[in-house]
Each structure stands twice: as C-alpha cells, then as structure tokens.
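Report on the structure given below.
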Ligand SMILES: Nc1nc2c(ncn2[C@@H]2O[C@H](COP(=O)(O)OP(=O)(O)OP(=O)(O)O)[C@@H](O)[C@H]2O)c(=O)[nH]1
C-alpha cells in the first residue's frame with residue numbers, strides 16, 4: 001500500500017473525508033449544485049447575514065432601552081424575513097431563471113430600500129447610522145445591474161427616504177403635539193448628505209458594473225482567441241488533420257502509456273504516389289484539393305481510436321492504438337482500396353505507398369518511425385500502391 005493510500009485509511013483522515021462529504025452535501029442542498037445558482041444564492045446569503053448583523057445591533061439597543069420601538073419592530077422583522085424567504089424560494093427553485101434579472105437583484109434592492117427607510121423611521125436618535133445600509137444596498141446592484149437601472153433604484157431610494165422623513169416627523173408631531181425642530185434638522189441634514197452621496201455611490205457602482213461587463217467580454221474574446229491559437233498550433237491548415245507537432249505529441253503520449261501499462265500499438269507512414277505529376281498536370285490548386293479529399297476519405301474509414309495526421313507534404317502518419325501489426329496492415333490496405341476511387345480522380349487512380357510498424361518494447365518512437373519509413377520506401381521501390389510490413 002503506498003503512502004497516500006495508507007494516509008487515507010487512518011481514522012482521522014476518514015473522519016475528515018466524511019465531514020467534508022457532509023459539508024459538500026449540505027452546501028449542495030442549500031446553495032444548489034449549479035454554479036450560477038450558487039452565485040445567486042450565496043449573494044442572497046450575504047444579504048441575510050448583513051440583515052442579521054444589523055438586526056443584532058438594533059436588538060441590543062432595544063434591549064438596553066436606548067431606543068423604544070414596540071410593535072412596529074416586529075412588523076419590520078416579519079416583512080424582512082418573509083421577503084428573504086420568498087426570494088430564496090424563487091432563486092433556489094429556479095423560478096427566477098425565467099427573468100432577465102435572474103438573481104432578482106432589482107427586487108432585492110427595492111426590498112432593501114424599503115426595509116432601510118422603515119428602519120430609519122423606527123431607529124429614533126440612531127437613524128443616521130441606518131443610512132449606511134442604504135449605500136450598501138445600492139452597491140449591491142453593481143454586480144449585475146445596468147447603468148440605467150442603478151440610477152432608477154437610486155431615485156427610488158431618495159424618494160423612499162423623503163417619505164420616511166415625512167412619516168417620522170408626522171408620527172413625532174402626533175405624539176408630542178408639534179413637530180420637533182431639532183429632529184427635523186437632523187432629518188434634513190441626512191437627506192442633503194444622502195442626496196449627494198447616494199448618486200455618487202451609484203455612479204461608482206455603475207462604473208464597476210460596466211467594468212465587469214467589459215472584463216467579461218474581454219475574457220470571452222480571449223478564450224475564443226486561445227481556442228483558435230490552440231487549433232492553429234495543432235492542426236494542419238490545408239487538410240484540417242493534426243499537424244506533425246501534434247502527431248509527435250500523440251506518439252510520445254502513446255509511448256508513455258505503453259511504459260505504464262504495456263498495450264500494443266502500430267503506426268503507418270503513408271506517402272501519395274507520383275504526387276508531383278498531379279501538380280504538374282492539373283496545377284497546384286488541384287493538388288491541394290486531392291490532398292484534402294484524400295484526408296477526408298482516409299479519416300472517414302478510421303476506427304474511433306485511430307488518428308491520422310499530416311506528416312509533411314504528401315506524407316501522412318497513422319497512429320493506431322491497441323492495434324497489432326497484422327490488423328494495422330489490413331486497415332491501411334482497406335484505405336488504399338478506398339482512395340483509388342476518389343471522385344475527381346476518374347482519369348488516373350490515386351494510390352499511396354505505406355510502411356506499417358508495430359511498437360516493440362524498449363524501442364524509441366524515432367526507431368519505430370524509422371522502421372515504418374524504411375518499409376514505405378521499400379514499397380515505393382517495389383512498384384508503389386503497396387503496403388509493406390517487412
Ligand atoms: N499541391 C500541393 N503539393 C504539395 C504540397 N506539399 C508537397 N507537394 C508536392 O508534392 C510533390 C512531391 O513530389 P515527390 O517528392 O517527387 O514525390 P512524388 O511525385 O509523390 O513521387 P513518389 O513519392 O516517389 O511517388 C512535390 O511536387 C511537392 O511540391 C501541398 O501542400 N500542396
């Protein structure tokens with residue numbers, strides 16, 4: 001038993017693995033397994049934690065009789081909790097996915113603004129601190145809302161604050177018989193500061209949002225470019241087959257696999273016969289078309305695990321994993337039979353000469369290729385249109 005396997009069987013390691021599995025299952029159950037859903041629900045979870053933290057501070061103030069709120073505080077809690085539960089159900093069941101704003105960001109911001117402004121009415125002398133939450137609520141939109149929507153919710157937040165101030169002063173006035181000038185001054189000061197700071201925060205948030213959008217587009221373009229670079233680095237442009245470098249990599253990989261667990265594999269070097277004549281008689285473009293057509297026909301007849309690449313010019317290399325020499329020979333002979341009937345070669349049959357070699361344990365890939373090459377040249381000397389295994 002190797003070191004890793006021994007470690008995995010220790011009681012501590014087993015316990016940790018089981019605990020990790022449980023945490024993973026719990027996370028899947030709460031947040032969902034889908035990556036996008038996870039991001040949305042995690043964002044919602046952060047909101048819950050922020051509400052809980054602010055609620056705790058508020059609760060301590062109420063408990064210490066620093067502020068007296070009474071029944072309306074319970075109504076506020078019920079409002080916030082029911083909204084949070086409704087949003088969670090809408091996200092977690094996938095119901096919200098039908099909307100463009102699948103994370104229900106706008107709904108959550110509007111809900112947050114109402115909750116903050118309501119808390120402003122309830123918080124008495126501590127109401128100024130509550131406004132910090134208004135800024136946070138707007139920043140929340142930066143991650144998914146567009147510029148216009150962020151501005152719209154900012155306007156809504158300012159109107160909601162005006163409404164909260166009117167309601168607060170109305171309530172205080174009703175309690176004491178006349179509006180309290182000192183409290184009203186604080187409210188107007190708060191409103192003034194918020195009118196300046198909230199749009200500024202939203203502007204910063206909107207810039208963040210557009211930067212994120214640009215980054216996302218650039219990342220997508222970069223991914224596409226990388227895919228294209230990879231394709232160009234591994235493919236032959238004319239035939240679309242793997243190029244020589246990629247074939248060399250595949251050979252090395254097959255060799256390494258053989259070293260780990262010996263499994264037979266063979267190669268064939270295939271060289272089209274008298275290709276210069278095709279070019280000379282029909283032109284270079286026709287020669288290109290024949291190369292493409294040959295590649296298509298040859299690949300169409302291959303088995304799933306076989307790979308054919310362009311080795312250079314009119315020479316191709318076929319790698320046949322899990323294939324012994326005699327099967328490889330039969331396979332390449334079948335290919336030779338097929339290419340003789342290429343549609344636009346009616347006036348002259350296309351043929352190739354090929355050398356097949358099976359990998360021998362202990363050999364290098366270069367030795368294997370040399371063997372196939374020598375057999376291919378032997379096939380040429382023997383008259384062309386032949387596949388040789390010796
Ligand atoms: N059209 C075209 N021709 C190519 C390409 N690559 C190599 N060739 C041509 O292939 C021909 C190969 O000629 P040779 O090496 O003399 O071989 P051959 O005429 O096939 O004769 P044997 O191999 O002896 O049967 C040359 O004329 C090259 O120009 C290509 O990408 N497109």
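Residue numbers in this text run from 1 along the chain shown.
Keep in mind that glycine also has a Cβ here, set from the backbone N, Cα and C atoms.
Bear in mind that TrEMBL entries carry predicted annotations, made automatically and left uncurated.
Ranges compared are 8-26, 103-121, and TrEMBL records transmembrane segment for 103-121. In terms of DSSP secondary structure, the domain 'GGDEF' (263-390) contains 60 helix, 30 strand, 38 coil. Same-chain residues lying 6+ beyond the ends of the transmembrane segment (188-210) with a Cβ under 8 Å from its Cβ atoms: 127-128, 131, 134-135, 138-139, 141-147, 150-151, 153-154, 157-158, 161-162, 165. On the 0 to 100 pLDDT scale, the domain 'GGDEF' (263-390) averages 93 in the predicted structure.
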